[in-house]
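K.L.:
Shown below is the structure under consideration.
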Ligand SMILES: Nc1ncnc2c1ncn2[C@@H]1O[C@H](COP(=O)(O)OP(=O)(O)OP(=O)(O)O)[C@@H](O)[C@H]1O
């Protein structure tokens, strides 16, 4: 009996290292998140959970492909394979290997890698037997050469007590932990390239995010805000159950005050204002931290000393998932996750930067140059926050 090519094996990694209680909670959440992801994309698939795997059962090839794609966008998933599911007999497995070899690329070498779990009474063959017999049928079918060290294509066989799987691909997922296992964080989302990637990195480790955009008034820009909005829409694809509404905080008048009254530490004060805004929103929504897209030394405001000076403005932890990442690497990731935008937008903050910025300020120096009522004014901004949902951003 062949159950068809429509099974997707979904593997998860780090969850497996947890204690049994944590593990079962995380597995449940991962299953629920997969269910939501499939539903959001109109993919019909039943979900089974066996051993340390999740199985998605689909009934046509389009659904199988779409189910693999959905799994590979679900945080916590390490890899997914579209597989043929057959009875756990040598004959059925060899037949499935022949079927899988139908699209063997011309001239490609191959190897068969088999694993077998279950008693030897149930399966009168070893994994080595499966590799030898499987290798013979694939060779006969394709005329291809075996290369066990570095095959162009690997045929995988996983034989379990009740069912065997044959597949040739392991498509990578994002890894990380299921979304929702690590609480909630506010992300300062600028409309630039880095902060959406920082947001995605937090989501990948299981953290729900609350995106906040600080409107810099005349120093910001409609395009800049539009890009923040569109990246929220992209991030929402990875979190179909979450409310990723963007909170837009009108800070134009505050920025004008900084421009008029603060000199070489102006940019650091602006960062401190942003962190305070993040802290206030975090209080409101029950978030544990504030996230930025900064990386060490990328700009004068991001030197080690200056990051310490900005952090002194908040009592919440400030997470910077991109701290040690190079820009080229961040750009590549933005393309891969879909938040890259080709348009060149004059970055709002750059218009605020002083011509000779301080590169190693102490918290006391920055605070001394700030208007006394700066942070009181931040609190008053929060009554005027505009909340825009990702659906609105797409229209
Ligand atoms: N207008 C803004 N609204 C919300 N957060 C902002 C804004 N501008 C900057 N930030 C936050 O401060 C960080 C550092 O600011 P920077 O000037 O480097 O931003 P950028 O280059 O405009 O954007 P990005 O860092 O996202 O590429 C950003 O990664 C982001 O987390």
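The backbone N, Cα and C atoms fix where each Cβ goes, glycine too.
The model shown is predicted, which means the values in this text are computed figures rather than measured ones.
Sharing the record's features from TrEMBL:
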- 188, 189, 271, 293, 302: ATP binding site (BINDING)
- 65-170: domain 'THUMP' (DOMAIN)
K.L.:
Looking at ATP and its recorded binding residues 188, 189, 271, 293, 302, figure out the farthest C-alpha pair and report it in angstrom, whole number.
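P.N.:
Overall maximum Cα spacing for these binding residues reaches 16 Å.
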K.L.:
Return one of helix, strand or coil for residue 188 (ATP binding site), based on DSSP.
P.N.:
strand
K.L.:
What does DSSP call residue 293 (ATP binding site) in the simple three-state scheme?
P.N.:
coil
K.L.:
Starting from the Cβ of residue 189 (ATP binding site), draw a 10 Å sphere and report how many other Cβ atoms land inside it.
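P.N.:
A count of 29.
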K.L.:
Might you list, by sequence position, any residue in that chain lying six or more from residue 293 (ATP binding site) with a Cβ less than 8 Å away from its Cβ?
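P.N.:
In sequence order, 188, 190, 192, 193, 194, 195, 196, 197, 198, 199, 320, 322 meet the Cβ cut-off.
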K.L.:
How many other Cβ atoms sit within 10 Å of the Cβ of residue 188 (ATP binding site)?
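P.N.:
Neighbour count, Cβ to Cβ under the 10 Å cut-off: 24.
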K.L.:
Mean pLDDT for the domain 'THUMP' (65-170), rounded to an integer?
P.N.:
94
K.L.:
Give the residue from the binding-site residues 271, 302 that has the most other Cβ atoms within 10 Å of its Cβ, counting over every protein chain displayed.
P.N.:
271
